[in-house]
Each structure stands twice: as C-alpha cells, then as structure tokens.
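Remarks on the structure that follows.
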Ligand SMILES: CCC(=O)NCCS(=O)(=O)O
C-alpha cells in the first residue's frame with residue numbers, strides 16, 4: 001500500500017457538521033453513528049485522532065499481514081503529528097515494513113518558522129530527514145511526502161515543492177504529492193517539480209480519485225509521467241466537504257478507472273491504497289481496515305479486465321520500482 005496513515009491527527013481539516021447535526025461534533029464514538037461518520041468523517045473531532053489508536057493499529061497490521069500485506073508507506077509528514085517512534089514500534093511488533101515520509105503537509109499546517117525558511121533550509125531539513133533521521137530521532141524516512149498542496153498553490157507550498165525537487169535531485173528518492181482539489185492542480189505541481197530538477201518518473205500523484213474525472217484530462221496528465229495513485233479505496237461519501245462540486249467515486253468506479261488506464265497502456269504507472277486517516281475506517285469501529293484492497297478490491301479487479309499479472313504490477317512491481325532509490 002503506497003499511501004496510508006497509521007499514527008496522525010487530522011485536526012487541521014475539522015469541518016463543522018451540517019445544520020441540525022451540530023451535536024455530532026462532540027458526540028462519543030458509538031455504533032449508531034457509523035453511517036453518519038462515513039458521510040461526515042471530518043465533522044466529529046474524535047474521529048480525527050488516529051494517533052489515539054496505536055493498540056488497534058497493531059491488530060490492523062497483523063490482519064494486513066495475514067491477508068498477504070508486507071509493506072505500508074506511511075505518508076504522515078510534519079504538520080499532521082508524525083510519530084516516528086510509534087511507527088517503529090508498530091513495525092517491530094507486527095513484522096510489517098513501514099516506510100515513513102519526510103517533508104511538510106499543506107499550508108495551514110506550516111508554522112511561522114516553516115514559512116520563513118528559505119528553499120535551501122527546507123531542502124536541507126528534508127534531506128536530513130532521509131539521511132540522518134527526523135523529529136530528533138535516528139529514524140530515517142524512505143520517501144518524501146505526502147507533500148501537501150492546496151489550490152491555488154500557496155507561496156509556502158511552492159517553496160516546499162521546490163525543496164522537494166532539490167532534495168529528490170540529490171537523493172534519487174521517491175516523492176509523493178497531495179494535490180489541491182482541482183483538475184489542474186496535479187499538472188501544476190508536476191511543472192513546479194520539473195522546473196526545479198525533480199524526477200517525475202519517481203513521483204506519485206495521490207488522490208486522483210477526487211481530482212481528475214474527465215478521461216481526456218486524465219490521459220493528458222498520465223502522459224506527464226508520474227505514478228497515478230487511486231488511494232481512497234473504501235471511502236464512501238455523498239457530499240465531499242472539501243469540495244462540494246466533487247462526486248466522490250465508489251470503489252466500483254475506481255476499479256473501472258484502473259481498467260481504463262490499464263487499457264490505455266499505463267499498467268506500469270498505477271499504484272493504489274486506502275489513505276486511512278480517520279478512526280471510523282479502522283475495523284475496530286466497523287470500517288474496512290488496511291486489508292480491504294487485498295481482500296475485496298483485487299477479486300473485483302480480476303473480474304473487470306485486469307489480469308493477475310497486472311494486479312501484481314500495481315501491488316508489487318510498481319511500488320517496488322518507485323520506492324527504490326536511484
Ligand atoms: C492526511 C490525509 C489526507 O490528506 N488525505 C486526503 C484526503 S482528500 O483530500 O483526498 O479528501
């Protein structure tokens with residue numbers, strides 16, 4: 001899985017509940033709220049603290065391993081409460097390989113100190129997180145990202161993108177991007193990375209499921225050469241609060257898009273994940289957990305024109321290729 005979170009908080013994205021449901025914001029986590037939480041995951045404060053569930057995460061990872069999972073890329077970066085010692089402990093306890101992310105999340109999580117840093121300083125801090133260890137630990141990150149960007153991309157986010165490209169040019173490492181919620185956002189990020197020496201062939205563009213819907217636009221973007229990530233498998237949301245114009249696809253629609261990209265020749269560039277970042281998606285709370293793709297999506301892919309060989313590329317070869325330092 002190339003895009004997951006095990007320990008993080010998403011407080012920065014708290015969204016008030018719709019009118020009439022205000023009480024739900026502070027309501028305790030109860031069985032009868034599970035459907036409501038699936039529809040409004042960012043409107044209950046407690047739901048945003050995956051960091052409180054480290055014990056449950058141990059069971060989640062053991063279940064993932066039992067289902068055939070070996071490795072998880074943990075995309076939590078500075079700004080959303082990255083906790084590297086907790087990740088190391090989870091990896092040790094379960095035997096699942098966890099690859100941690102370096103760098104910074106979106107603008108509203110940048111501190112004043114981060115905003116004042118030069119591109120050179122930001123580059124050094126990212127390089128340091130990969131070569132020597134992050135957050136005062138000796139735990140080294142294995143990817144840069146998810147690097148957070150919004151739409152339009154802010155000045156501070158542009159500086160982080162330039163630094164990401166410079167760091168990648170030095171290290172030959174994988175990069176993963178969180179684009180803004182506009183069909184033009186992924187291409188704009190790629191242009192900034194390219195102009196600054198980034199290697200697009202070793203860059204994953206996340207969250208395409210909620211970003212590019214038109215097939216022509218998708219192929220145009222695919223042609224730019226990044227990995228194409230569909231990473232919101234398992235999410236079910238009628239009114240996507242971060243952009244009400246977006247119709248969040250179902251898992252069946254995601255699989256259909258994967259089959260389309262495979263048919264168009266992009267089987268070497270597709271990666272997939274769940275991007276679990278709220279509590280309600282854990283099996284402890286009736287959610288789909290980290291094994292949903294392995295257990296439910298792969299069989300579906302095989303009935304929709306995607307071969308086992310292509311599934312293996314998407315789940316094994318492409319991530320392996322992306323994650324290997326040049
Ligand atoms: C930190 C998790 C994250 O950024 N997830 C992306 C959610 S969405 O922008 O695709 O809704």
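Including glycine, each Cβ sits where the backbone N, Cα and C put it.
Curation plays no part in TrEMBL annotations; they are all automatic predictions.
Here is what TrEMBL says about this protein:
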| type | residues | note |
| --- | --- | --- |
| BINDING | 3, 5, 146, 275 | divalent metal cation 1 binding site |
| BINDING | 146, 178, 207 | divalent metal cation 2 binding site |
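Every protein chain considered, the tally of other Cβ atoms within 10 Å of the Cβ of residue 5 (divalent metal cation 1 binding site) stands at 26. Taking a Cβ cut-off of under 6 Å from any atom of ligand 1, the binding-site residues 3, 178, 207, 275 reduce to 178, 207, 275. The Cβ of residue 275 (divalent metal cation 1 binding site) has 25 other Cβ atoms within 10 Å, all protein chains considered. DSSP assigns residue 275 (divalent metal cation 1 binding site) to coil in the three-state reduction, outside any helix or strand. Taking the C-alpha positions, the distance from residue 146 (divalent metal cation 1 binding site) to residue 178 (divalent metal cation 2 binding site) comes to 6 Å. Apart from 146, 178, 207, the residues listed for divalent metal cation 2, the same chain places the Cβ atoms of 3, 75, 145, 147, 148, 176, 177, 179, 206, 231, 275 within 8 Å of the centroid of those Cβ atoms. For the pair formed by residue 5 (divalent metal cation 1 binding site) and residue 178 (divalent metal cation 2 binding site), distance between Cα atoms is given as 13 Å, rounded to the nearest Å. Those same-chain residues not listed among 3, 5, 146, 275 yet with C-beta within 8 angstroms of the centroid of the divalent metal cation 1 site C-beta atoms are 4, 73, 74, 75, 76, 176, 178, 206, 231, 273, 276, 277. In three-state terms derived from DSSP, residue 146 (divalent metal cation 1 binding site) belongs to an extended strand segment. Around residue 3 (divalent metal cation 1 binding site), the C-beta neighbours below 8 angstroms that are at least 6 residues distant in the chain are 73, 75, 146, 176, 204, 206, 229, 231, 271, 273, 274, 275.
In sequence order, 178, 179, 229, 231, 232, 275 are the residues near residue 207 (divalent metal cation 2 binding site), counting only same-chain partners six or more apart with C-beta under 8 A.
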